[in-house]
Amino acid sequence: MLYSLLYGYFNINLFQYLTFRAGLGFFIAFFLTLFLMPKFILWAKAKKANQPISSFVPSHQNKKDTPTMGGIVFVFATIIASLLCASLGNPYVLLGIIVLVGFSFVGFRDDYTKINQQSNAGMSAKMKFGMLFVLSLVVSVLLSVKGLDTFLYAPFLKNPLFEMPTALAVGFWVLVFLSASNAVNLTDGLDGLASVPSIFTLLSLSIFVYVAGNAEFSKYLLYPKVIDVGELFVISLALIGSLFGFLWYNCNPASVFMGDSGSLALGGFIAYNAIVSHNEILLVLMGSIFVIETLSVILQVGSYKTRKKRLFLMAPIHHHFEQKGWAENKVIVRFWIISMLSNLVALLSLKVR
């Protein structure tokens, strides 16, 4: 809106620069989240929209009155900033907004059910998976219709591994959406544990998206060019800004939790960025913390079902370290460090190809 008005009608040249609009979107989303979150916290406390705490984590029982669904606020702030600063005629922007709103809605349904039932169960697994699957499939098909190429790239290699048939590509993209959204959801168990690794991952992906959308940079770095995808940089920076605003209230001890409303939206948008920038495989490194958390759950369940033994004291793995006596802050900061280092290595693949 603001972009179309100031550049399209008044020809204010500053708004033609993607980096300026992305920076502006960052600060709009950041300050809007800072402004709205206290009001949301007061409303959520009045409505008793609190996060049910598992009885298996006694050290977290002091958090039982902490409101949840804070993800609604930072997703809303991101959408507002994107509407103001991004080009709404760009299909990647529109699909990015659909991803954020759609995945956040599924998360909201799950959060609402948990609050109403005062249980961690939420929606049935079939219902939740079904909604996420349909949403992922719709977005993946739309990407295919848009003409996104189906080459599969590996980190540090300039040439693609192979070209996937359309049906295989769509199925693979659906898998990426489902994996990333659930992985971030599993990670969101300690104050700030999901938000900061999400910031690192989104920042890395936004750089890849910017390069992919810039003809000169993509040619120089031997990176696959994706026409029009650079505009997604604006939404990514806006989401990072809103996450910083959220972290202001989510740092330990948290005043609010993001809930599934936020974690599913983050995972879905991270997956979307990875897909359109051809970083599906590299996402394993960028989202290393999310991968580790998910694998710990898979291994724990698999071990118990096959051997009746647990590999970890508790899963996801951040609870394992808590059970071993690590302070919550120690677990959080160490996981942040791993995430930061993983993303620095991932960024090296831009130049080392």
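Using N, Cα and C of the backbone, Cβ positions are placed for all residues, glycine too.
Below 8 angstroms of C-beta separation, residues 50, 67-70, 72-74, 76-78, 80-82, 84-86, 234-235, 237-242, 244-246, 248-249, 255-256 of the same chain, each at least six residues beyond the ends of the transmembrane segment (24-44), sit close to that stretch. Annotation comment: Swiss-Prot describes 24-44 (among others) as transmembrane segment.
Annotated transmembrane segment per Swiss-Prot: 66-86 (among others), in sequence order.
Feature annotation from Swiss-Prot assigns transmembrane segment to 88-108 (among others).
Residues annotated as transmembrane segment in Swiss-Prot, with sequence analysis given as evidence: 129-149 (among others).
For 160-180 (among others), the entry in Swiss-Prot reads transmembrane segment, with the evidence type sequence analysis.
Counting only same-chain residues 6+ beyond the ends of the transmembrane segment (192-212), those with a CB under 8 A from a CB of the stretch are 18, 22, 184, 218, 221, 223-226, 229-230, 232-233, 236-237, 239-240, 243-244, 246-247, 250-252, 254, 258, 262-263, 266, 269-270, 273-274, 276-279, 283, 286-287, 289-290, 318, 331-332, 335-336, 339-340, 342-343, 346-347, 350. Look at Swiss-Prot and you will find 192-212 (among others) tagged as transmembrane segment.
Annotation source Swiss-Prot lists transmembrane segment at 229-249 (among others), citing sequence analysis.
Residues or ranges marked as transmembrane segment by Swiss-Prot: 256-276 (among others). Under 8 Å from some Cβ of the transmembrane segment (256-276) lie the Cβ atoms of residues 37, 40-41, 44, 51, 66-72, 74-75, 92, 95-96, 99-100, 102-104, 106-108, 110-111, 122, 132, 135-136, 139-140, 143, 148, 173, 176-177, 179-185, 187-188, 194-195, 198, 201-202, 205-206, 208-209, 212, 226, 229, 232, 235-236, 239, 243, 246, 249-250, 282-283, 286-287, 290, all in the same chain and six or more residues away from its ends.
Remote same-chain partners of the transmembrane segment (281-301), defined as residues 6 or more beyond its termini with a Cβ less than 8 Å from a stretch Cβ, comprise 152-155, 176, 179-180, 182-184, 186-187, 193, 197, 200-201, 204-205, 267, 270-271, 274, 310-312, 315-318, 320, 335, 338-339, 342-343, 345-346, 349. Among the features that Swiss-Prot reports, transmembrane segment is placed at 281-301 (among others).
According to Swiss-Prot, the transmembrane segment annotation covers 330-350 (among others).
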Same-chain residues at least 6 beyond the ends of the transmembrane segment (88-108) whose Cβ lies under 8 Å from its Cβ atoms: 1, 3-4, 69, 71-72, 75, 78-79, 82, 128, 131-132, 135, 139, 142-143, 146, 181, 185, 228-229, 231-232, 234-235, 239, 259-265, 267-269, 272, 276
